[in-house]
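Everything below concerns the one structure shown next.
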Amino acid sequence: MAAAAVAADQKVVTMTSLREGCACAAPPAAAAPPMPKMAAAQRVVAELREACATPAARLAEVAAAMAGEMEAGLAVEGGSSEMKMIVSYVDSLPTGGEEGSYYALDLGGTNFRVLRVRLAGGGVAERVAREVPIPPGLMSGGGATSECLFGFIASALAEFVGEEEEEGGLDGGERELGFTFSFPVHQTSIASGTLIRWTKAFAVDDAIGEDVVAALQAAMSERGLDMRVSALINDTVGTLAAGSYYDEDVVAAVILGTGTNAAYVEDATAIAKLHPSQLPASNTMVINTEWGSFASPCLPLTEFDEALDQESLNPGEQTYEKLISGMYLGEIVRRVLLKISSRCPSLLGGAGELATPFVLRTPDVSAMHHDETPDLSIVGEKLERTLGIRGTSPEARRMVVEVCDIVATRAARLAAAGIVGILKKIGRVDGGEGRRRRSVVAVDGGLFEHYGKFRRCMESAVRELLGEAAAERVVVKLASDGSGLGAALVAAAHSQRA
């Protein structure tokens, strides 16, 4: 996401300026007189709870702002919206009736996955997968070229296909492949997209500006592999496809894991930036929102969020993601505990490893948040093993759990506001379609799947914002492996029309 800017003078919009611009933001606290150390620590927690507050009125404003940003992002390419609202060119989702064998390639890190999925017209009859490590020399360095990288991937695909029996497949004909490519691309059709830049450990310079589908297709052809890339997608679109395969009422998909994103089904005529010649016969189009970049003055930001943002690799960007995703929740908690330790050193037994950025991970936060032992022994164990803080008192452990609860609750309720914002945008909240049929949101990611209190809080907040009557028609459900199964299903959905 490009850093937010004011068009007149290109002034960067920081988290601080967002908070100051919000009508519902609390005024700066007056300087407090000196207080005993324990009271000072308790004051840190009280101020955190106040700053992270997400009453229904504020969440409603966030949902409305989300819907407004979505509208702006659909209006014009490269406009004022922080949300990119990328047209995926997926205009047909799986129905559950697809048959045959389809393949998927999931490339997004130092390993890639290849899968074969056999569909039996009503379910997945068989799924076979393999994970392949990529040699470091193919990802960066002097020998890292597009031809070598995609050649290696194509060779692994050919080997995988050669070892598989064609049970109910394509009778030796051309095979269909869904390609999940988790790097920024400029997509121009369902099966083409030019690489904008690499992220993570990749630095294959000659691939930038290249059509990654064409590069893979050429490598497969050179190796005699009769396979066609039917769809180029990201994991969020794949999650939508996977959810749609099992439930025809799925209208949106959300990733809540290390990162976060959302995709949804839009009325194609509502996409003003789409040329009339590009309107699909189905009149629907899946939109990749890139909602992690969403920013609004009424997002409840704290001093800890602002410091994290300024010290990040992308200050002023990905505001929403830094508040709700698994990558950052542990780090926010760490920063709060570090301040508590500075105010009351005896409470947490000294700082230990608290000064080390990102040493506390969200799974650690979840484990402490869910601790129901009488003496909060799990909290004590985590503090000792992860942070080197020994001999904590029950009072200190309760304070740590409270901090975890505040940070996770804010994240869950803001995620709920985003979901409601999408439902508002497509008319599934007030009247119309929302009154007549179910609206299902498929969610993937470890934060939602494994952090029970986060999940329950988010679901409760969705019901709170919608109201009981509307909430009866909205379902939030888990949908796994969008990057693998979802890619194969999109390939199946698009090959059926070929």
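Glycine too: its Cβ is placed from the backbone N, Cα and C atoms.
Fair warning: this is a prediction, and the values are worked out from it, not measured in the lab.
Together with Gly109, Thr110, Asn111, Gly446, Swiss-Prot lists one candidate of Thr258, Thr260, Thr289 for binding ADP, that being Thr258. Matching Glu164, Glu174, Glu321 to the D-glucose binding residues that Swiss-Prot gives (Thr199, Lys200, Asn234, Asp235, Asn261, Glu290) identifies Glu321. Least crowded of the binding-site residues (Asp235, Glu290, Glu321), judged by neighbouring Cβ atoms within 10 Å of its own Cβ: Glu321. Taking all protein chains in view, 11 other C-beta atoms sit within 10 angstroms of the C-beta of Lys200 (D-glucose binding site).
In space, Gly109 is the closest of the binding-site residues Gly109, Asn111, Thr258, Gly446 to Lys200 (D-glucose binding site), judged by Cα positions. Taking Gly109, Thr110, Asn111, Thr258, Gly446 as the binding-site residues under consideration, the smallest Cα distance to Glu321 (D-glucose binding site) is found for Thr258.
Taking the Cα of Glu290 (D-glucose binding site) as the reference point, the closest of the binding-site residues Gly109, Thr110, Thr258, Gly446 is Thr258. Non-local contacts of Gly446 (ADP binding site) by the CB criterion (under 8 A, 6+ apart in sequence, same chain) comprise Gly257, Thr258, Gly326, Pro363.
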